[in-house]
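First up is the structure itself, then whatever we jot down about it.
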Amino acid sequence: MPSYTVTIATGNQWFAGTDDYIYITLVGTEQCSERTLLDKPLYNDFERGAVDSYDVRVGEDLGDLVLVKIEKKKYWVQDDWYCRYITVKTPSGDYLEFPCFRWLVDDKEVVLRDGRAHLPQDDKTSLVKQHRQKELDGRRKTYRWKEWQPGFPMSIDANRHKDLPRDIQFDSEKGVDFILNYSKAIENLFVNQFMHMFQSSWSDFADFEKIFVRIKNTISEYVMEHWKEDFMFGYQFLNGCNPVLIQKCKKLPDSFPVTHEMVAVSLERELTLEQEIKAGNIYIIDYKLLDGITPNSTDPCTLQYVAAPICLLYKNAQNKIMPIAIQLGQTPGEDNPIFLPTDGQYDWLLAKIWVRSSDFHYHQTITHLLRTHLMTEVFGIAMYRQLPAVHPVFKLIIPHVRFTIAINTKAREQLICECGIFDKANATGGGGHVQMIQRAMKSLTFRSLCFPDMIKSRDMDSKEEMPNYFYRDDGYEVWEATKRFVSDVVHIYYTSDERVQGDEEIQAFIKDVCSFGMQDLDFCGEFPKSLKSREELIEYLTVIIFTASAQHAAVNFGQLYLGMYPDEHFTEKPVKDAMAKFRKELAEITSSIKKRNEGKKLPYYNMSPDKIPNSVAV
């Protein structure tokens, strides 16, 4: 009687094991095995982290093994189980791997194909075609689009984290980690002790320093020592947490009437302001998007304000970026003066603080929330709805959407919701942050998510003209390494452009992002609705991975780092070789960045691959 050896790996996360009954059915091209209970006498099966093996005997040869069906049935109480993978040794001695990486909840069954990736046009038998379609039909019922706010990218149809599908909820450890990190942040910022500082006017700059008394490292101490100085103010636009707004000034806007006489004392090259602009030495930051945003009024006892400043910057002879003029509103006039470095010490300092306040609002709401968190969620939902687990693109991008939908749901539940933390702590709370995203959506194009295009659109692409823009330099390196990796994987499965055009699932994925995720909004019409070539597919997938990893890292930080793929969704050697090559390139970039940073008082590590998270998970 032929015998198959089945090995099952249970997850390592908390509560991954189960005491429920586990059944298996092997499905071959000729016939199926009997439904078999996997149970060893006097042995506690399927414990957390366990790898258990069982013999499944069959009456006749099953033919080529195609599917494995796993069922969980209640023993005493419902006991969820996380299955990592299943391997099957056939009677002929061959080994087949069946990646799972899913939770089985309630009396649920999961049907798995082996780990080799397949495009839909490569499936020839009705058995695998039906399995593929059934998986997608089930996913589309589970992963539904929902409009959280008008004019926003669409999000998951779940009001609370516990309403999410189990497979995309935080693991128990991650949930505990979220709570501990939040508590630690509160403790570090002394928020409980100093919250009254945010509810009243500060009397001294020392109040600011008290808040950060527990944040101690070389960089923070250097910043605290120099934060009032103009060079530090300018440096942060290049390599701070929001290095995406600075652009070369080719012409002063009519709303910002700076004259040469105003700034002549700040210019070093014996050129007029107009000549400095033509020479490419003048840069500008414009927070026009904040103009008219409603300030937070949730606390009637606390007046709050939102500025929409314009800031003019000058690249001096030492290639430092220095502020030379600031206007705090968009309409010039006597009540909206232009502040200059020659003004009183505190007038100039307060003008810079207002710019920093506006930069904070833009960074948190647009650069961070909209352009990394919410966009990655759109890609993730479309992936679950349109790509089965056997699709190579699903296998490629699923590590990069890990926990993103969960963290965004938490944010909508606790952070950016009505009466959430934003309403309590931010001047744009109480609805201003919603207005900001609605406005920013009008300039959110697909090309603006392509890193090289985004840099070039601001005329910031020349290393010779702007030599200390490390966000750009490191970002280029990581973008190109990611693109080469994606190209390697794409060329394994797509041998021609026609293969891309004929992949109905990838085309449905692209259309779902545009037509549903971005709601086919007129101003988002530049998002592709289809792909015609491998090059277009490579760029699209690079955007997804880069947005979820490197771009998010540049404005935040994370845990599982770029190039780390602990869940082996791919089983083919060529893809594993491509992953190894990718990790090697990332290690070389890390080494190069570390070498460049040696001896710098302000080293830049935000784009160092060893500090780039795989996904938007924090």
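Placement of Cβ uses the backbone N, Cα and C atoms for every residue, glycine included.
Straight from TrEMBL, the features:
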{"type": "BINDING", "residues": "GLY17, ASP79, ASP80", "note": "Ca(2+) 1 binding site"}
{"type": "BINDING", "residues": "ASP39", "note": "Ca(2+) 2 binding site"}
{"type": "BINDING", "residues": "HIS368, HIS373, HIS552", "note": "Fe cation binding site"}
{"type": "DOMAIN", "residues": "2-118", "note": "domain 'PLAT'"}
{"type": "DOMAIN", "residues": "117-618", "note": "domain 'Lipoxygenase'"}
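Across all of the domain 'Lipoxygenase' (117-618), the predicted model scores a mean pLDDT of 87. Its Cβ taken as reference, ASP80 (Ca(2+) 1 binding site) is surrounded by 16 other Cβ atoms within 10 Å in the chains shown. In this structure the C-alpha atoms belonging to HIS373 (Fe cation binding site) and ASP80 (Ca(2+) 1 binding site) are separated by 29 Å.
For HIS552 (Fe cation binding site) paired with ASP80 (Ca(2+) 1 binding site), the C-alpha to C-alpha distance reads 32 Å. Of the chain residues outside the Ca(2+) 1 site list GLY17, ASP79, ASP80, PHE15, ALA16, THR18, ASP19, ASP20, PHE46, TRP81, TYR82 have their Cβ within 8 Å of the site's Cβ mean position. Cα of ASP39 (Ca(2+) 2 binding site) to Cα of GLY17 (Ca(2+) 1 binding site): a distance of 14 Å. The distance from the Cα of HIS368 (Fe cation binding site) to the Cα of ASP80 (Ca(2+) 1 binding site) comes to 34 Å. All protein chains shown were included, and the count of other CB atoms within 10 Å of the CB of the residue listed as 'Ca(2+) 2 binding site' stands at 13.
Of all Cβ atoms in the protein chains displayed, 20 besides its own lie within 10 Å of the Cβ of HIS368 (Fe cation binding site). Taken through DSSP, the domain 'PLAT' (2-118) splits into 0 helix, 59 strand, 58 coil.
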